[in-house]
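*Asks:* My structure is below; once you've seen it, I'll send some questions.
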Amino acid sequence: MKGHGVGADNELGAEIAEEDIDEIQGALDSVPVHEIDAFLVVAGLGGGTGSGGAPVIAKNLQRIHTEPVYGLGILPGSDEGGIYTLNAARSLKTFVDEVDNLMLFDNDAWRSSGESVGEGFDAINKELVRRFGVLFSAGEVTKGSDVAESVVDSSEIINTLKGGGISSLGYADVEVDEPERNGLLSRLRGNSGVEVDSTETTNRVTSLVRKATLGRLTLPCEVNGTERALLVVAGPPAYLNRKGIEHGRKWLEEQTGSMEVRGGDYPRRGEGTVAALVLLGGVTNVPRVKELQQIAIEAQENIDEITDESEEHFSELMDSDGELESLF
């Protein structure tokens, strides 16, 4: 469509993805699939290309590969127009059936007043990278890196996202002093060179867990009733208080009512922050999704009504009472 996608027509987007699926799959041929733990299909659900193509791509990945296939869908703002809401609602209904779990990010929840479109996109991208950066890199061990006391690896994420449905992520962080580790002896001892108060670190971690859970989620939802949850606390090793993480995990159990709440730490240096990431898997009380569906239904009814009226008006316009004949 001359660089404009498919003109917000997600049926056309799905059709094109189906026709070009071999070419799309070919792009993965050079990827060492045996080294990956899962696939993630990312799409904006308001337009036509992403909302139509993402379910098709996910379905094909499920057909070919044994690894889990997850989705990340970006919901349009409620003021972006009825057609985009309709696209999102239809895609969501299809997308969630084709992936092992669908994580959602709601533009409405992250919009700031006075913000330009470009600034809004930049802010949303940063929030996505911040959250998924912690989630997907937790448990990775590289040469010279610190080893977690309670490792969160890919199996923990997979188990949290099992069972399908939709999920939401929460995140909170706070800046801390992080002097560099210098001498060989300090590295061998694992001494960060930072004197920390254990009570303070415990309180900091539990406070961050509460803020991540009850603050702005990628998809606003009721935490109670969540099927499964995962807690990752990331930061300099000296600040990763085991007692605080366990307290936070138990508090999360109470809030969600779930007995499947996993948790662990992710030692990382150089960020200058301690962060808590909460993954809520299988959320069901999501007012935003219900609102999206209702707006989409109204939009579909309006479109059908306008189409019927247009056909009727055009018929009246071209009616010559039988006094004119067509050329053919």
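Note that Cβ sites are derived from N, Cα and C of the backbone, with glycine treated the same way.
Automated prediction, rather than curation, is the source of TrEMBL annotations.
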*Asks:* Going by TrEMBL, Gly48, Thr49, Gly50, Glu80, Asn125 bind GTP; tell me which of Asn60, Asn107 is listed for that site too.
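*Replies:* Record check against TrEMBL: GTP site with Gly48, Thr49, Gly50, Glu80, Asn125, extra candidate from Asn60, Asn107 is Asn107.
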*Asks:* Determine the Cβ neighbour count for Glu80 (GTP binding site): the number of other Cβ atoms within 10 Å of its Cβ.
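*Replies:* Result for Glu80 (GTP binding site): 16 neighbouring Cβ atoms inside 10 Å.
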*Asks:* Please work out the helix, strand and coil residue numbers for the domain 'Tubulin/FtsZ GTPase' (1-133) from the DSSP assignment.
*Replies:* 73 helix, 19 strand, 41 coil
